[in-house]
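Positions annotated as domain 'Amidohydrolase-related' by TrEMBL: 66-404. Look at TrEMBL and you will find 74, 76, 244, 319 tagged as Zn(2+) binding site. The Fe(3+) binding site feature in TrEMBL is assigned to 74, 76, 244, 319. According to TrEMBL, the feature 4-imidazolone-5-propanoate binding site maps to 83, 146, 179, 247, 324. Here TrEMBL flags 146, 321, 323 as N-formimidoyl-L-glutamate binding site.
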Ligand SMILES: O=C(O)CC[C@@H]1NC(=O)NC1=O
Ligand SMILES: [Fe+3]
């Protein structure tokens, strides 16, 4: 018998394990054992194997609910400045186009981010990660995309590396050099994509600073052909791809990411059935972003019935960014997934656990199962549905990352 490092007893487990027939994969009146940062046993407390209770720390959950640590699989936390004055202008009737013509929008965040040093960007992102940590988040995907030249995109990736080394949350870095056209390449999108493919991506791969590559494929972003070029270059360098796709129109970005066996298609409000089928066939995850939908007051809902019909895994994420989703809360997204997108509470919880892990290509987390990372959150709730039902309630009791108590 390998003695555990920690045992949690008197606990209800929302395992999120799809192989269990119960809703949420739940095990009530359960227990869980941790060894060297991984789950070594879980099940009914009545079936718990013997262990030396004198030598082993035991935490009685007193009937609280344990879930996998939450995963925010789509964030833009690396930036400086804010766009609060634009928010004010838009509410006074100034259009996006007018703001962009005044040099606002993404361009203003790019200017502020280029001027910011590593420390400023680190401190900004650390504060945002701390907000997510307090909500039970244990893994975060952090994209670049506000540097838009080689030096500054690499700067952002270096900040991600520092965050991964110094913050308890596990950081997964995505290169999003093809987020927007930098001002110095106005009207020269193909020339900028040359830089992304021929200069930035080889450096990103050589320095091993990102595990995935993303593109904003949209009529106000990059075209289908330009997106293909980036995906082709990324794949040749051994990097997985994902895509901001069908957010404002249907540019067939989803079918393109599926063609490259990509990790996820994100936003997808304008996705059609051929795109859903392509995702189903490729195992590509749908990442739904209700925060941007809400903040932009969009009306086109993502095709939930088609995603369910074709059994496409649905994840949910904050999309935290200064322009279209300045909402640094994954718990709010759980609630919005239900209230705005009409997902069920179980679907939204899958969306920030097992399906979010899949959207990042991670198979070692997102489910309470033997051999998985001991990343979990203990909640003062009477049922897992409460996690999407209520918001703003301080219901997180404890948080463990790799079996280490991180928040209590
Ligand atoms: O406005 C910003 O700063 C980012 C917008 C954000 N980026 C993207 O690809 N889609 C979005 O909604
Ligand atoms: Fe985004």
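Backbone N, Cα and C atoms are what each Cβ position is placed from, and that goes for glycine too.
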Between residue 146 (4-imidazolone-5-propanoate binding site) and residue 319 (Zn(2+) binding site), how many Å separate their Cα atoms?
14
I need the nearest neighbour of residue 244 (Zn(2+) binding site) among the binding-site residues 83, 179, 323, 324, using C-alpha distances.
179
By CA-CA distance, flag whichever of 74, 76, 247 among the binding-site residues is nearest to residue 321 (N-formimidoyl-L-glutamate binding site).
76
With the Zn(2+) site defined by 74, 76, 244, 319, which remaining residues of that chain have Cβ atoms positioned within 8 Å of the Cβ centroid?
75, 143, 214, 266, 267, 289, 292, 317, 320, 321, 325
Write out, in the order they occur in the sequence, the residues of the chain not among 146, 321, 323 that have a C-beta within 8 Å of the mean position of the C-beta atoms of the recorded N-formimidoyl-L-glutamate site.
76, 79, 83, 106, 109, 145, 179, 322, 324
Quick one: pull the CA-CA distance for residue 83 (4-imidazolone-5-propanoate binding site) versus residue 74 (Zn(2+) binding site), whole Å only.
20
Return the residues near residue 74 (Zn(2+) binding site) by Cβ distance under 8 Å, restricted to its own chain and a separation of at least 6 in sequence.
141, 143, 264, 266, 287, 289, 315, 317, 318, 319, 359
In chain order, residues whose C-beta lies under 8 angstroms from the C-beta of residue 76 (Zn(2+) binding site), counting only those at least six residues away in the same chain, are 142, 143, 145, 146, 176, 319, 320, 321, 322
Quick one: mean pLDDT on the domain 'Amidohydrolase-related' (66-404)?
97
Within the chain of residue 179 (4-imidazolone-5-propanoate binding site), which residues six or more apart in sequence place their C-beta under 8 angstroms from its C-beta?
106, 143, 144, 145, 146, 148, 214, 216, 221
Listed in sequence order, residues with CB under 8 A of residue 324 (4-imidazolone-5-propanoate binding site) and six or more positions away
292, 295, 296
Residue 323 (N-formimidoyl-L-glutamate binding site) sits from residue 247 (4-imidazolone-5-propanoate binding site) (Cα to Cα, rounded, in Å) at a distance of 14
Given the binding-site residues 179, 247, 319, 323, 324, return the subset with CB under 6 A from an atom of ligand 2, ordered by sequence, or none if empty.
319
